[in-house]
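Data first, discussion second: the structure below is written as structure tokens.
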Amino acid sequence: MVEDLLASSPGLLNFGIFFLLATVLLLVILGFVTYAILAERKVMGFMQLRQGPNQVGGRWGLLQTVADVLKLLIKEDTIPKAADKPLFILAPVIAFAPAFMVVAVIPFTDKLQFADIGVGLLYYIAISGLSTVGIVAGGWASNNKYALLGGMRAAAQMISYEIPLVMSVLGVILLAGSLNLNDIVDAQSNGWFILKQPIGFIIFLIASIAELNRTPFDLPEAESELVAGFHVEYSGFRWAFFMLSEYVYLFAMASLTTVLFLGGWGPLPFMDFIPGAVWFSLKFSLIVFLLIWVRVTLPRMRADQLMEFGWKVLLPVALANIFLTALLKELVDFM
Amino acid sequence: MSLSGEMIAFIMLSLVAIIGGILLINLTKVVHMVIALVFTFVSVAGLYVLLSAEFLAAVQILIYSGAITIIMLFGIMLTRHNDSNEKTAGLWRKLMLFAGIAGFGLAVYAGIYNLDIPVQETKLHEDNTRQIGMALYSDHIIPFELTSVLLLAALIGAIILAKKDDEEKEGEE
């Protein structure tokens, strides 16, 4: 269905259909974010021998996040007097828009995808880099020392870890021979890339946690050092936008990991009677759980350790992985 | 010239690119200028997409989003925040400047209006990532390698410069 739409001629009707589909996707993602936050708090609670939210909305706290969002919506919206007003307003928008834009290229099943771009993977990485600009701008516009420090850390961290992220994906690109995410999923029909690229997967996972600004790499918003990091001065709905972009990136990054390393919507052998969408959501949930697990169990790194780890460990290992992959690929082809 | 979707997209993207450029020159605060620059670069990437050069568009954003963030950091660290540009030009100079710009505009318009670019059948837009890779690693391999050596030299140079500063500081203390 979507393929026909993508190939159809442009017109007002098609524009309307796309607009509607995008709105539906946005609502689905908002739903995901609502329950991802709840899941995170619940899992975190159980892992730390607590209950987690259990008051609002029954025993499982199912309406807790909804109540939180309502609270944020009716909260007073404060802008500090000394802040750089236009930039302060613009920054959450710059941070959020790319987060939603990257979701467009992710193939959820072989039929459900919003944009089939030849350079899909590159598009994802390029667009997600734009969020950093929003975060730094927000940190600067707040006119607050802690916010500025958080913004600076965010810039340093996200640029440093983007390089191992790209390098670890190069192994997958070498094996699949394409930057298109659909082709990458197709190339995994006889063996997921997590088996052929174990080193690449580990590097990708670490670098993606750093890109997502989650513990152990959550230095830009380290509560014990910077109060709240780049969004200290934000309140109400603007603050919600920063949080929203963070969780939408969680959604997008978990989907990307599924597509790149876990075979996307592809089933396990002999189990292809289960539809692709179910497979995708199972693998996706597994990755989200893994990310929450890492967040709960590991302490925060120090800023200099973070930089050293990125440049002196991850980058050389990623380069070695590319070299090894290319060598093995040539040898296998040769034999 | 019909008003197709492509035309509308082109007009919007070029407007954003030009407005971003003008704001970059006219705004007074460094960080605002950098944000204007972001808009210009992103809409130039959009223009590449319209020309079906999707690889170029993605790389444009990939490289410049990192570069812009770095420019922003330097802008924050190396400039005085309350600094604003001083107005220097007098009326006479402004008039001369306007005449120059108008002359340039007229010359370009006259040159471009009747320019006839023969349309060739090309296959450059199909699978252009592969084509760029092929061209880089076959026909243009020597310039490509030279560029990488140049970048490596720049990288090492930067490291040496940064290192020297450290040692001098340690000596002073």
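For all residues, glycine too, the Cβ spot is worked out from N, Cα and C.
Per TrEMBL, the feature transmembrane segment maps to A:12-38 (among others).
For the transmembrane segment (A:87-109), same-chain residues at least 6 beyond its ends with a Cβ under 8 Å from one of its own Cβ atoms are 25-26, 29, 79-80, 115-117, 120, 123-124, 127-131, 133-135, 137-138, 140-142, 181-182, 185, 233-234, 238-239, 241-242, 244-245, 248-249, 251-252, 255-256, 259, 264-265, 275-277, 280. What TrEMBL records for A:87-109 (among others) is transmembrane segment.
The transmembrane segment annotation in TrEMBL covers A:121-141 (among others).
Through the fold, the transmembrane segment (A:161-179) approaches residues 118-122, 125, 129, 187-188, 193, 196-197, 199-201, 203-204, 206-208, 210-211, 217, 260-261, 310, 314-315, 318-319, 321-322, 325-326, 329 of its own chain, all at least 6 residues removed from its boundaries and within a Cβ separation under 8 Å. As annotated by TrEMBL, transmembrane segment applies to A:161-179 (among others).
For the transmembrane segment (A:191-210), the list of distant contacts is 157-158, 160-162, 164-165, 167-169, 171-172, 175-176, 184, 216-217, 253, 256-257, 260-263, 266, 290-291, 294, 306, 310, 314, 317-318, 320-321, 324-325: same-chain residues at least six beyond its ends, Cβ to Cβ under 8 Å. Under the heading transmembrane segment, TrEMBL lists A:191-210 (among others).
Sequence-remote contacts of a segment are chain residues at least 6 beyond its ends whose Cβ falls under 8 Å from one of its Cβ atoms, and for the transmembrane segment (A:247-265) they are 29, 32-33, 36-37, 96, 99-100, 102-103, 106-110, 121, 124, 128, 131, 169, 172, 181, 184-185, 188-189, 192-194, 197, 200-201, 204-205, 208, 211-212, 214, 276-277, 279-280, 283-284, 286-288, 291. Annotation source TrEMBL lists transmembrane segment at A:247-265 (among others).
Tertiary proximity for the transmembrane segment (A:277-297) is limited to same-chain residues at least six positions away from its ends with a CB under 8 Å from its CB atoms, namely 36, 39-40, 43-44, 47-48, 108-109, 112, 205, 209, 212, 214-216, 250, 254-255, 257-258, 262-268. Under the heading transmembrane segment, TrEMBL lists A:277-297 (among others).
According to TrEMBL, the transmembrane segment annotation covers A:309-328 (among others).
For the transmembrane segment (A:12-38), the list of distant contacts is 5, 53, 61-62, 64-66, 68-69, 100, 103, 114, 244, 247-248, 250-251, 288: same-chain residues at least six beyond its ends, Cβ to Cβ under 8 Å.
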